[in-house]
Amino acid sequence: MTSRDSYNIRVLGQELYDKVSSSKVLLIGAGGIGCELLKNLVMSGFKDIEVIDLDTIDISNLNRQFLFQKQHVKQAKAHVAKESAQKFNPSAEIKSLQCNIKEAQFSVQWFKQFTMVLNALDNLEARRHVNAMCLAADVPLVESGTQGYFGQAYVIKKDETECFDCQPKITPKTYPVCTIRSTPSEPIHSNEVAALNRETEELKAIKEAAGSPDYTKKIFSKVYETDIERSLTMESMWKNRQKPTPLHYDELENIMSDIAEKGGLEDRKVWDLKENFEVFKSSAKKLSTRLLKEREVHSDAILSFDKDDDDAMDFVTAASNLRAHIFGIEKNSLFDVKSMAGNIIPAIATTNAIISGLVILKAFGILRGEYKNNPRVYLHTSSRLISEANSDPNPNCSVCRSRSAMVSVDFEKATLRDLINQVLLLPVDEGGAGMEQDEIAIMDGSRMIYDVDFEDMADIPMKEAGLKPDTILRVTNDDGDEIDLIMEANNTEELIKLSSPLPKLVFKVLVKRKMEEESEEANKRVKTMHTIVDDVILLDLDNADDDIVLLD
């Protein structure tokens, strides 16, 4: 036993320490929170850890992701994080994977091997996926996140707490290119100028001139002179707003400046007009040279911009600031533009450290069997920690309150029609859904694959329909019943087989709050599922009386 183990036993107690050291933990994400979490896990006595991350290390990560150093730039985050964390506790077994957690290999069965899952993700879609997988596998999940000086950590457990989707999430803003193109009104609007290369055929022709001596002048004149002058001819557009002022390439060339190119300009400084012009020329030339080299390999190559690409960010900053100047909009520094380009809230190392520490405390609570009494914790302004009791699952949540079951499928032979006939139409007393065929709709994520008016995929093998092991199909009917069918490969000779009967339906009994007394027949109809209503009452039919009485 190492000295660190002895210390952890004194701190945690033998019982909790034994649970910690014997647990198997999945850590998803090796970035800001993930690096801190992995270090905390090995130092707290966790011995069996699997860490997964898709990304590679960028130099901009080094100010807050302390498991990485300059020599690690461009290497896989998961692998380097493992190597660095291992030094804190060589007795820990860490497995690293550079993969996307949404890949099919990470099935529900794969998730079931873990004692718990710790999320250290930075995007909504992946969080929702992990939430759904942990619910399907019935594995506790600790969700965490930071945003500047704010942060939170909380536990998600099937049937005991709210899941990630129980409450609606704010989605990031998107901006219509047509509005940005013609009449930008905010600094971030001008940052979309990088999309202009794809906007019109005219710009496609300019793109073909890449590498020619007058390439940057052609781009500049088109975007900042020709297009602006064209918009000025639409006089009605400028009745209630400031008119733009075109820029002229030759005039800017003749303005004296202390710089010949970008070299030495600070990323937090807002560049003046001449500086933006020079950076525009310099970065456009570098990008066009890069494009020509890529076209030597692939004739149809295009450039993809990234927030960590210095040339691309120089170009976007300068180009957007030139547009901002034309429309009288406040200009931004390179640092600010990077934040907007990546929809980034600047990360703060101390916030990540605090939240990762709280995640470890949540993990200890899980090992003690604490879910409801393992409160959410928020980091607020002035470094205040605020606790909030864990809420019950939202009865209307379409993710954790839907019925779910594992279905074994022969993807080479079975069809959606087989699934409908053998599972969805199967009577409830035989373990099926007991649905009506003309009321069924089936979704694969956001993709509709079956309903009464769309049967194109009903009779082709599921593999040809794009379905595969670990696909989660959402089935709904007109009564509002929702079922999640988790698909897995069938190892038997049967085309389709339910691994277990579907959970009994919790009917949504619809009640009209104020019903006009028109007739006895109207009073009877309130007891059916077909009346338009104001309220929803949930009744567990397993525990309900034979006669259900609905009160106004």
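Cβ from N, Cα, C; glycine included.
Among the features that TrEMBL reports, active site, glycyl thioester intermediate is placed at Cys178. Feature annotation from TrEMBL assigns ATP binding site to 29-34, Asp53, 61-64, Lys77, 122-127. Annotated Zn(2+) binding site per TrEMBL: Cys163, Cys166, Cys397, Cys400, in sequence order. Look at TrEMBL and you will find 8-398 tagged as domain 'THIF-type NAD/FAD binding fold'. Taken from TrEMBL, the feature domain 'Ubiquitin-activating enzyme SCCH' covers 277-338.
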Inter-residue Cα distance where the pair is Gly29 (ATP binding site) and Cys400 (Zn(2+) binding site), in Å: 23
Candidate with sparsest Cβ neighbourhood (10 Å radius) among Asp53, Asp122, Glu125, the listed binding-site residues: Glu125
Nearest recorded site to Asn63 (ATP binding site) by CA-CA distance, among binding-site residues Cys163, Cys166, Cys397: Cys163
Distance [Cα-Cα, Å, rounded] between Gly29 (ATP binding site) and Cys166 (Zn(2+) binding site): 23
Sparsest-packed of the listed binding-site residues (Cys163, Cys166, Cys397, Cys400) - C-beta count within 10 angstroms: Cys397
Cα separation, Glu125 (ATP binding site) to Cys163 (Zn(2+) binding site) (Å, whole number): 14
Sorted by sequence, non-Cys163, Cys166, Cys397, Cys400 residues with Cβ within 8 Å of centre, Zn(2+): Leu135, Glu162, Phe164, Asp165, Pro393, Asn394, Val399, Arg401
Cα-to-Cα gap, Glu125 (ATP binding site) vs Cys166 (Zn(2+) binding site), nearest whole Å: 15
When distances run from the Cα of Cys397 (Zn(2+) binding site) to each of the binding-site residues Gly32, Asp53, Asp122, the nearest one: Asp122
Candidates Gly32, Asp53, Asp122 (binding-site residues) - the one closest to Cys166 (Zn(2+) binding site) by CA: Asp122
The domain 'Ubiquitin-activating enzyme SCCH' (277-338): DSSP-derived helix, strand, coil residue counts: 44 helix, 0 strand, 18 coil
Least surrounded among the binding-site residues, given as Gly29, Gly32, when other CB atoms within 10 Å are counted: Gly32
Asn63 (ATP binding site) CB neighbourhood, other CB atoms within 10 A: 12
